[in-house]
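The block underneath contains the structure these notes are about, expressed in structure tokens.
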Amino acid sequence: MTMAKETAQRSTTAPSQAQTTTGAPGRSLLQTSIVMSCLCAGTFVAALDATIVTTSLPSIAGHFHSASGYTWIGSAYILANTASVPLWGKLSDIWGRKPLLLCGNAIFFAGSLICSVANTMALFLFGRVMQGLGSAALMTLVNICVCDLFSLRDRGLYFGLLSVDWALASGIGPILGGVLSEKATWRWCFWINLPITGLAFLLLWLALKLDNPHTPIWDGLKAVDWIGSLFVIGSSIMLLLALDFGGVTHPWDSATVICLIIFSIVVLGLFALNEWKLAKYPVIPLTLFQHRSGIAAFVVCFCHGFIFMGEAYYLPLYFQAVLGASPIMSGVYLLAFVIACTFSGAFTGLFIQKTGQYIPPMWLGLGLLTLGVGLLINLEATANWGKIIGFQIISGTGIGMNFEGPLLALQAIVGVKNTATATATIGFVRTMSTAISVVIGGVVFQNQMVKESTKLVQSLGGELAGQFGGANATANVQLIGTLPSDQREVVRQAVFASLRTTWIMYVAFAGVSLVAGFFVGAHHLSEEHEVAVLGLHGQGQGIVISDRICIRQ
């Protein structure tokens, strides 16, 4: 009892420099199951809302009679989500994991409710922004809570469960969105979140037992790196806006897009300078990038998210534009990829927990990922289901085997006191990579479609060919099915050739991840349960207690 009380005491230090305390809280199997179910529920709804609207966008934009809203429905969510990820980890160091997790849950609930009842596009987009903020908190704090609940070695299993959850939600989102929009109403895409997040909030409030530092509001606000937070949020938003505008509302060589990219880079430089020289408690400490293994882990994470989103986005385009599938069926055809991700992610987490090794599955997964994406170049313009399913299984298995490794490698390097910032930063890198992936893939695809324009003009005529050239290609997929058979075949072949070029680009990123993977070090995954001392006040020294020991306060 005394040992447990001493462990609960806090040291007098800032959150980013906190000493560490260790201890295994006395949790029953039932309590652990309830907590993990709620954490998985948070990950599920956050990942689901990133993709569920993709097939309901026409219905939503049509309801509000807003053509511009078509773009902003997804962009508002992505901008708020990506820009706010780094801040949540630092805030949880100051005020504790549980209060911030519940706060994020409440914000996401409120955003979903607003989207469900909104009667104007402005109010709907406000709800999407709140959903983005809440989902950033959920995705970040769920992983941080797992770090506080389990030892470094045991985290592999639970990160594996979360990766299964994330991949499954991302995969079924488009299918579920299409079914709800077609059979009921698009508002159910948001109503569905309310009972899940509401129940999760209640159960987490009752069952999640983590130390809360009770930091005074004013003292905590003074400890936040507001300048660094403003810089990283501003840089992220400007870059994402440039990528969102480029080739759609503004040409890539327009002053608007160029200025956004330039100022994004400038502000990023100011952010790095602030974190290096000025910030007392930096939101993203540059020490995270001091080790070769850590840098390699970030590169692997970026390429992993980049390829995952690229395949999840452009394979349905192949199914719809080349094979003539409906939006819902294109989601069904993607299930081979999703199922491979989920099973390999779960198996990898179990393997890491049993062996304490994350390098072998990481290397094997990166090899399979590179092979699988490379094989996509060999897809045919007709439905060869052996290739379609087999190639998805290979690449999906490689994707699933690399959800846990980079994060565990980074956490093993930085130590327990920087676990929250490291987890938030790698989440930020993964989120940014998924946002950038679709845009860069789109640029490659559109440029190749421009090269195919001569064939399109010869067959379709200038006006109709313009509907399938450049930026219009992905937006007018449904028009392909309305063309006469000879013209439809020309467009299908043009899209098919452009997608092959896109796969080549993704293979290049897979190759980069494969090379970077060999620079990720094999670090010891401790079986001791270490927990960072949170908050700004208190005193006491940390001790190490094996996860095999159960001490109740």
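Backbone N, Cα and C atoms are what each Cβ position is placed from, and that goes for glycine too.
Per TrEMBL, compositional bias 'Low complexity' is recorded for 9-22. Positions annotated as domain 'Major facilitator superfamily (MFS) profile' by TrEMBL: 35-525. Annotation source TrEMBL lists region 'Disordered' at 1-24. The transmembrane segment feature in TrEMBL is assigned to 34-57, 69-88, 100-126, 157-176, 188-208, 220-243, 255-273, 328-351, 358-377, 389-410, 422-445, 503-522 (among others).
Listed as Cβ neighbours of the transmembrane segment (100-126) (distance under 8 Å, sequence separation of 6 or more from its ends, same chain) are residues 42, 45-46, 49, 60, 64, 66, 69, 72-73, 76, 88, 91-92, 132-138, 141-142, 145, 187, 190-191, 193-194, 197-198, 200-201, 204-205, 208. Of the two recorded stretches, the transmembrane segment (188-208) does not lie close to the transmembrane segment (422-445), with fewer than three CB pairs under 8 Å once pairs fewer than 6 apart in sequence are set aside. If you look at the transmembrane segment (255-273), the same-chain residues 6 or more away from its ends with a CB under 8 A from one of its CBs are 228, 231-232, 234-236, 238-239, 241-242, 245-246, 286. Across 69-88, 358-377, 389-410, 422-445, 503-522, stretch 69-88 shows the highest tally of CB pairs under 8 A with the transmembrane segment (34-57).
Between the transmembrane segment (220-243) and the transmembrane segment (358-377) there are fewer than 3 Cβ pairs closer than 8 Å, counting only pairs 6 or more residues apart in sequence, which means the two stretches are not in contact.
Note on the transmembrane segment (422-445): residues 78, 81-82, 85-90, 136, 139-140, 143-144, 147, 236, 240, 243-244, 246-247, 252, 284, 288, 297-298, 301-310, 313-314, 406-407, 410-411, 414, 471, 473-474, 498-499, 501-502, 505-506 of its chain, located 6 or more positions outside it, place their CB under 8 angstroms from a CB of the stretch. Nonlocal intrachain contacts for the transmembrane segment (358-377), taken as residues 6+ away from its ends with a CB within less than 8 angstroms of a stretch CB, comprise 156, 300, 304, 307, 311, 315, 344, 348, 351-352, 387, 390-402, 404-406, 408-409, 500, 503-504, 506-507, 510-511, 513-514, 517-518, 520, 522, 525. Using a Cβ-Cβ cut-off under 8 Å and counting only residues 6 or more beyond its ends in the same chain, the transmembrane segment (157-176) has close neighbours at 36, 39-40, 43-52, 54-55, 142-143, 146, 149-150, 189, 192, 312, 316, 327-328, 330-332, 334-335, 337-338, 341-343, 345-350, 352-353, 399-400, 403-404, 407-408. Averaged over the domain 'Major facilitator superfamily (MFS) profile' (35-525), the predicted model has a pLDDT of 87.
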